[in-house]
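Under the heading active site, proton donor, TrEMBL lists 222. Residues annotated as substrate binding site in TrEMBL: 60, 100, 152. Positions annotated as domain 'Thiaminase-2/PQQC' by TrEMBL: 25-230.
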Ligand SMILES: Cc1ncc(CO)c(N)n1
């Protein structure tokens, strides 16, 4: 089970609260390959290949549609396996994807990307298959919430870098960068991180190991997704 902050504090938990921070330190190289990828760094530098950006846009629209189903499975596990105190955060994330899908359609029009004609490339298909595996009830809530947190955090960190001081991001790409790079999105990611850390603090060693494996798998899949957007793989 997954207790609330108050319940965890009462039984003296929280000593090893920062599991996710420890993983980020331990796997720093992988984390940086995912969040300082040549593709997003080229957005920040202003040297981005616009055909690559258009490819990313079409592929990510397909990804987000799959992400809706993934988030529904995270929500279901939250309701079934935790005390339900995280439900509002997850439900809020799910609700905001409705807006996000509209944004993709509008953005696709702006860049003349025909979403009806997009078919998923290999790395996207692989990532979507990974997301689909979470519909299995055997996958625990702690693994699912950790996965959700790191998926959002890679985008948050990647795009926040594109709007940090000294950026040369083309003005027509600022809207994209702000969608995931905003302080509000960062706060949302931090609330997911707190939930993940709270669940990890109580998880069995086996469950924590599975969650760390999922964390690494996401980093790998995100690197593959950026590679796919930059070139064609
Ligand atoms: C590939 C990918 N990873 C993460 C996010 C964040 O939601 C996204 N939209 N796409």
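Even glycines carry a Cβ here, placed using N, Cα and C.
Unlike curated records, TrEMBL annotations are generated automatically.
Known features from TrEMBL, placed on the structure.
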residue: 60; record: substrate binding site; CB count, 10 Å: 20
residue: 100; record: substrate binding site; CB count, 10 Å: 17
residue: 152; record: substrate binding site; CB count, 10 Å: 19
residue: 222; record: active site, proton donor; CB count, 10 Å: 24
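Taking the Cα atom of each, the residue listed as 'active site, proton donor' and residue 60 (substrate binding site) are about 11 angstrom apart.
The record assigns 60, 100, 152 to the substrate binding site, and the maximum Cα to Cα distance across that set is 13 Å. The substrate site is defined by 60, 100, 152, and by the 8 Å test on Cβ atoms against their centroid, the other residues of the chain that qualify are 63, 64, 67, 97, 155, 179, 180.
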